Amino acid sequence: MTTPFSDPHRTRAILLLSMAAFASAASMRICDAMLPALAEHFSTSTAEASHVVSFFAIAYGLLQAFFGTLGDRIGKYRLIAYCTLASTAGTLAAAFAGSLDWLVVARFLSGMTAAGIIPLSMAWIGDTVAYEHRQATLARFLGGQILGLVSGQFISGVFTDTFGWRWAFAFLATIFLGVGWRVLREARHNPSAQHAAGNPLVRASILTQVGVVLATPWARVVLVTVFIEGMLVFGPMAFVPTFLHTRFSLALTTAGVMMMAFGAGGFLYIVFARHFVRRLGEPGLAGVGGVMLALAWLILATENHWAWTPFLTFLAGLGFYQLHNTLQTNATQMAPSVRGTAVSLFASAFFLGQSLGVFVSSHIFSNLGAETLFLVAATLIPVLGAAFSWRVRLHHRSVAAPAKSTP
């Protein structure tokens, strides 16, 4: 392992992984702003239309262990390229879907193939970057994911308001194709990308490797925390554009643009990640991140003018990435011997949490209103941040104690 970004080959390899993460993250959020249009087009409710979000997340979560184990065997970087290229097919199928059921199927297929991109990228970084540099390196890698999350909502809103929602999927498919081809070339020719090739001797079954991860107490804490985080952040988040559209009569494009402030908050974290880590440490980042998210949801639930929204989504983005990047860093060290499987389980928990969050949020939104939905999130998320902050402190002490006692 070397210092990150000191090797130009590794720098380029990480940059391309960030581009692949952009496409994957955009695919996650591509349906958010188009939910009202989908409900109208297919003559159904917003809750039913939201299945295009939840089924993507279900597929994304279920395939994690498979891709993690496969990446440990055949090489993570090469498998990332295959997953990116394969995501083109499901995204194109969504563009041509003739019914809501077929659109849900296409989104499920897209979730299956996109599942390997971001977690395997994180595991590859874990293989090649020392732990003391890893949180800052992962923060830089997050740039592509953050831009993809907000761009997915923006692309969704723009195309839905202009050319139609189908063109949003067509545009995204071209991104998957172009980036996937470039990552595949990198996997073949960049020595840094080949450095972390999979070990063909890793022949343990998926269940065995999953068992290794789940047998670790700290891994169970991280997995449960990220599952709940996915529920409380991205469940309600999927309904913010619809809330802005229905309550303040904003165009879907405008609502999508406002959601880009979430990414701006994430980018602020990336720029100052080293400073945040040095000043707050992992426990402080988790606690402060939870408080920021709570404030954002609380004010969003009670605001009476849409002008507050960009600031609130910015605050939510900054808080989320403080908490989530801390979880990611711990995930890369949960089980180093089967890191691909460990990080994939982390992503699985996160997106299964999102799926359940969207399902629960859709019913709260439809029956009790957006304000109640946001207030529930505002109440629970700071408790989660504080609890994980406390557990991180205990974990650090338990790790440090044996080291101090060693002569």
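Each residue, glycine too, has its Cβ placed from N, Cα and C.
Summarising the annotation, TrEMBL assigns domain 'Major facilitator superfamily (MFS) profile' to 13-397. If you look up TrEMBL, you'll see 49-67, 79-98, 104-126, 138-159, 165-184, 248-272, 284-300, 306-323, 343-366, 372-390 marked as transmembrane segment.
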Contact check, the transmembrane segment (284-300) vs the transmembrane segment (165-184), 3+ Cβ pairs under 8 Å, seq sep 6+: no
Contacting positions for the transmembrane segment (343-366) when only residues 6+ beyond its ends and CB under 8 Å are counted: 45-47, 50, 53-55, 57-58, 60-69, 71, 115-116, 118-120, 122-123, 126, 210, 213-214, 219, 222-224, 226-236, 238-239, 242-243, 327-328, 331-332, 334, 372-373, 376
In contact by Cβ distance (the transmembrane segment (306-323), the transmembrane segment (79-98); 3 or more pairs under 8 Å): no
Candidate ranges 49-67, 306-323, 372-390 - greatest C-beta contact count to the transmembrane segment (138-159) (under 8 angstroms): 306-323
Rounded mean pLDDT for the residues that make up the domain 'Major facilitator superfamily (MFS) profile' (13-397): 86
Distant-in-sequence neighbours of the transmembrane segment (49-67), which means Cβ under 8 A and at least six residues beyond its ends: 27-28, 31-32, 35-36, 38-39, 42, 79, 83, 100, 103-104, 107-112, 114-116, 119-120, 206, 209-210, 238-239, 340-341, 344-345, 347-352, 354-355, 358-359, 362
